[in-house]
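**Q** Sharing the features that TrEMBL gives for it:
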type: SIGNAL; residues: 1-18; note: signal peptide
type: DOMAIN; residues: 21-129; note: domain 'Cadherin'
type: DOMAIN; residues: 171-239; note: domain 'Cadherin'
type: DOMAIN; residues: 240-352; note: domain 'Cadherin'
type: DOMAIN; residues: 354-467; note: domain 'Cadherin'
type: DOMAIN; residues: 468-568; note: domain 'Cadherin'
type: TRANSMEM; residues: 687-708; note: transmembrane segment
Amino acid sequence: MVPAWLWLLCVSVPQALPEAQPAELSVEIPENYGGNFPLYLTKLLLPREGAEGQIMLSGDSGKAAQGPFAMDPDSGFLLVTRALDREEQAEYQLQVTLETQDRRVLWGPQPVLVRVKDENDQASGHQAIATVEVSIIENTWVPLEPIHLAENLKVLYPHHIAQVHWSGDDVHYRLESQPLGPFDVDAEGNLYVTRELDTEAQAEYVLQVWAQNSRGEDYAAPLELHVLVMDENDNVPVCPPRGPAVSIPELSPPGTEVTRLSAEDADAPGSPNSHIVYQLLSPESEDEVEGRAFQVDPTSGSVTLGALPLQAGQNILLLVLAMDLAGAEGGFSSTCEVEVEVTDINDHAPEFTTSQIGPISLPEDVEPGTLVAMLTATDADLEPAFRLMDFAIEREDTEGTFDLDWEPDSGHVGLRLCKNLSYEAAPSHKVVVVVRSVAELVGPGPGPGATATVTVLVERVMPPPKLDQERYEASVPISAPAGSLLLTIQSSDPISRCLRFSLVNDSEGWLCIEKVSGEVHTAQSLQGAQPGDTYTVLVEAQDTDEPRLSTSAPLVIHFLKAPPAPALTPAPVPSRYLCTPRQDHGVIVSGPSKDSDLASGHGPYSFALGPNPTVQRDWRLQTLNGSHAYLTLALHWVEPREHIIPVVVSHNAQMWQLLVRVIVCRCNVEGQCMRKVGRMKGMPTKLSAVGILVGTLLAIGIFLILIFTHRTLSRKKDLDQPADSVPLKATV
């Protein structure tokens, strides 16, 4: 008798490990199974992209291709098409792969071992032969083993799942399902499922089948059949709804839990299909191990702080990926959102923008209440309550001289004078102002920037200097040479003080004043001045010790007609040498002359270049003292040749013209003048030297040609000689 039940035992379930061979799957089936075929043995976890490939089933020695096994491409079930005999073959070693048309393996190979369970259908031991006639009515009304059906099975419905049989005639079958399910039985006892099942809707059904006669009477107790719906990964993880922002104080230590995610999967609890893991997507990827601000535990979904500190005021949106199948390939995933707000704490001490102010000068007669300085402090905290500041004078040289004035919600504080200042009592003051936070400070205390030092210098009050006149006037001929003395500015102050004089508004540059003596001279010739015109400048006198104390007075210059110019007598000057391009040396011009007709006394002399525009452009004359002047080149380059420069010398009412002969030449690096020379007698010229060189090279070339010609003719002669005319070498 062949039992109508099937044992399916999955010994091992393959785990999806990257780059690893799938574990072997073991299935056991009784021999000589008498049920319906095909018989579904087990389902393989094929990848979702299986539709792109072809399922290939192979076995040892190629038996699988023509054997009793096959693969259902729609459901992924391994099935057997006929009964097996253990005595014929005890086990079958199969391999399942998913391949493309070009034989490229997409998945597998998955080894499957099918064992055939032995049944007592063979005689053993000693046998005796006897003839016995026995009439046996087979009892086929036996319980069925539980049936495992995959949910969402894509097959043609109604789909056969099992069969019951009552051994007798006039039998009808009735089926009931608890709970009510899509099952049916036909007149032959075949059990069918009529549509797809859903594990999430109902994971298990209990079917009861009665065998009845035509009058509806039961032949026996009903058979019970348990139908177990196997879970498929057909549900996407559902993230919790996004709630309000999670507040985290800044400077929270690493590891502080921000929130804990709990995504839900409607697949079977405890199965890989509902096993959810988590991965952080944003603001940084999990691949960046160092310097992360957040971390996510993949198993529990706990979001904690990383090593990267957060700044107050940040609003961060975390994106966390929730994946079923423990994150394996082929699973579903959803993105969960968590908003994090970093709250401020009072961890910044206020600091002044400037730690040193001044020195600030105040006259000793300044009124009390005067604002001396305005100090500004800032606080890096964001919370307004943490930015409230308190100011105080920590230290000052004279107590009570200064005070502070500020608004409670302002970072500006004013330092004001409270008492009269005295230069004799204290010529300077140092005031140290400190700022503190009103709220309690978290973390380190105030740093060096919490104090500011204000330096105040007290100025002695002194009257400004006085000049001997309120207005100065002087007359000068328009022909007056440079350096002519016009007048002397003097002080009338009873207090002995040192003054420094200067001229203001000298637009033409005609005048100059000695800084200490106050003597006013003509700085250059008065070109452009007309007789009868006036020229006004401002004379300013400044106290040397107290530069802020000064006074001024106008100086009016009246231009007079030039007296008749005496005849100029040229006086030659010996020649000198100057280098071009210009170098740092010149020619000294002397005023006095040994000729009594050219000089009537001793200096001071005034020197000026002649009126020739070219001379004034190319040369520069500078007065050294009352008797000498210094002549240099005004341009960087002057034509090398002998130049005659007219220099006008004046003394009292007399004027002379000196003709200074200067030879401008090119110079070597040592500053020595280089002059052109003629050809030396007895020395060859360039042309003769080139001729000699060419003649020598020509003679050498002719000699070499003769040598090569001779060697060529000799070699040709040797080649033309007959072979028999060459003497043989003697052999020893």
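Note that Cβ sites are derived from N, Cα and C of the backbone, with glycine treated the same way.
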**Q** Summarise the domain 'Cadherin' (171-239) as counts of helix, strand and coil residues per DSSP.
**A** 0 helix, 33 strand, 36 coil
**Q** What are the DSSP helix, strand and coil residue counts for the domain 'Cadherin' (240-352)?
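**A** Once the DSSP states are binned, the domain 'Cadherin' (240-352) shows 6 helix, 44 strand, 63 coil.
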**Q** Could you break down the residues of the domain 'Cadherin' (468-568) into DSSP helix, strand and coil, giving a count for each?
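**A** Per DSSP, the residues of the domain 'Cadherin' (468-568) fall into 0 helix, 45 strand, 56 coil.
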**Q** Across the domain 'Cadherin' (468-568), what is the average pLDDT of the model, as a whole number?
**A** 85
**Q** Residue counts in helix (H, G, I), strand (E, B) and coil for the domain 'Cadherin' (354-467), per DSSP?
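**A** Grouping H, G, I as helix and E, B as strand yields 7 helix, 55 strand, 52 coil.
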